[in-house]
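Asker: Quick one: this structure, given as structure tokens, is what I'll be asking you about.
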Amino acid sequence: MMVMRIVVLSPQQQQLQWVAHFSSFSPTGVFSSPPQQGHISEAPQRVLYRTVRCRQSRDSWQKDTAPTRRSVGNGQRDHRMLTQTGRIVTRPYEQRELRRQHVRLEPDISPHRAVAVVRLLRIEEGGAYADVLSGEGEKSWEDEMAYLGRTLGFCTSELDLRGRRLVTDEVAGVVRWKRYLDFLILSFFKRDLQDYERMEPLLRQILRVGIYELVKLEMAPHAVLNEAMKLAKVALRPGAGNMVNGLLRSVLAYQEMGKLPFPSLEGGDERSRARALATIHSHPVWMVRRWMAQFGEGNTVRLMECNNRRPIFALRANSAQGVSRTDLISELEKLEVAHVESPYLQDFIRVSIGMQDVLRSGLLQNGSCAVQDESAGLVVGVVDAQPGDTVIDCCAAPGGKALFLASKMKGQGKVVAVDVNEGRLRMLTEAAKVQGVSDIVISCHYDLRDYAAKAARSADRVLLDAPCSGLGVLSKRADLRWRRTPEDLQQLTNLQDDLLEAAASLVRSGGVLVYSTCSIEPAENADRIGFFLSKHPEFTIETVESFVPATMVSEEGFFCSYPHEHQMDGAFAARMRRAT
């Protein structure tokens, strides 16, 4: 293999350093020999790589995600962005409308695909969160298109509403199915795993998006192949476009024959079966093994299938402003948003398609409703706050449960929302104003452990919605499955024990303590309650059967919801009372 260093000057006369690894390259890009199911073929294949050094630096991506500002000549404010292509682009904040003058226009490139691959790069290489990048509003999309130009060195035509929906859906889908998509790429790539790991991040994302559109979305093949090839050629080089075209054509050919590679589930031990299921359903192996031990293989498969579906969102009609579920349904019908009434909670409505229309309608901004999962609503039911009570929500921000608690108290009593994150707490305060409950919601910027020292035995009801792994919300948090590790669980359980100790000290005699998580892990749920009660005999378990459906009550009397059983987020809550 020959290694060649090329120095290129950008239009701003800034130096880029490329390291190009050349092996012999097939101009057709066609993969003639069939892949072998379940593993990577070792047959030689001619592939061209280009590795950008700064691209491999996670720090560079994090700088790009959170740009720094500096002063320039006449007092203007600029930001310098170290982009994924290695270019430094300077853009005055005062001239946003001129943002595209720095890059060329490529109107033939599919805008939704270009935005999707850049967003995927930001998630995987820069550590950005998928749900944070899915912001709404024209300003958010303008910034995203400008970011695309800085990253790829060109801009595309504007995104229409359909294109925006496609970006959101495809990014979430590719992130969910990443393990399976990589399995397919490797099956046709004809090189070893190390070569694939050295592949340019941008090229990898283009391949993932193309295969996802072919295999999971079943889009028109000619459009997928043509658009993916054009994007790779313009964003990288002609050889990359040929390689993308050849690999996608091979995937398509085997898909049409019904012979796509598939991990073998036959034979082998429990570990190999777990690895195969993890690939088929695109989850981390450690997660699959853990769930198989807890729930059995059948329920684990059902759970993973549910995690990979389009998420179901719930809207809560805001009774604090006199909005009933009937009123909210009328508004949704005007918007032509399909919906289903919650079978569990009278103020809640389920929406699976059309959330973007709801967000644009202003229903959230005027306080008519709030986005809140039914599992969270059921946890509030377990607290059972009464008018006149003093309620402390211990890790309250961004405030969904605190605001629902306040709406049920009919303007009497108070809800003290405690959180260590000042920015998220400000969001809670603003939301309380919008939803009409600011008269009884009090925000307190504290670490719970410090707050407990000054407010001991002051509350009738205390809710600790503890920081957790979030393994019950993987359908909504597409990237969370790849961020969590087994080591995280141990660290989280230690924190949960500390916070539960602090929360317990806030409960007055005869008061109620509710511990909840959005996890389905016993280590974070029932095990934590058992450990707490072993040290605090003054607290006893009260069954939740009076507050939630019977199908969600465990043998111990805890509230437990599961995505594959109840079509809502996985959650847990235990209700305990302090002796008088």
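Backbone N, Cα and C atoms are what each Cβ position is placed from, and that goes for glycine too.
Note that TrEMBL annotation is computational and uncurated.
Per TrEMBL, active site, nucleophile is recorded for C518. Here TrEMBL flags C395, A396, A397, P398, G399, G400, K401, D419, D447, D465 as S-adenosyl-L-methionine binding site. Per TrEMBL, the feature domain 'SAM-dependent MTase RsmB/NOP-type' maps to 303-579. For 58-77, the entry in TrEMBL reads region 'Disordered'.
Each of the listed features needs to be described in terms of its position in the shown structure.
Answerer: For A397 (S-adenosyl-L-methionine binding site), other Cβ atoms within 10 Å of its Cβ number 23.
Note on the domain 'SAM-dependent MTase RsmB/NOP-type' (303-579): mean pLDDT across this stretch is 96.
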Asker: For D447 (S-adenosyl-L-methionine binding site), what residues in its own chain, 6 or more apart in sequence, show a Cβ-Cβ distance under 8 Å?
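Answerer: The list for D447 (S-adenosyl-L-methionine binding site) reads V420, given in order along the sequence.
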Asker: Inside 10 Å of the Cβ of C518 (active site, nucleophile), count up the other Cβ atoms and send me the figure.
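Answerer: There are 25 such Cβ atoms around C518 (active site, nucleophile).
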Asker: At its widest, how many Å does the recorded S-adenosyl-L-methionine site span between Cα atoms of C395, A396, A397, P398, G399, G400, K401, D419, D447, D465?
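Answerer: That value is 19 Å for the farthest Cα pair.
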Asker: So what sits near G399 (S-adenosyl-L-methionine binding site) in its own chain, CB-to-CB under 8 Å and at least six residues off in sequence?
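Answerer: Sequence-distant Cβ neighbours: A417, M427, L428, A431, A432.
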Asker: Could you tally the C-beta atoms, other than its own, that fall within 10 angstroms of the C-beta of C395 (S-adenosyl-L-methionine binding site)?
Answerer: 20
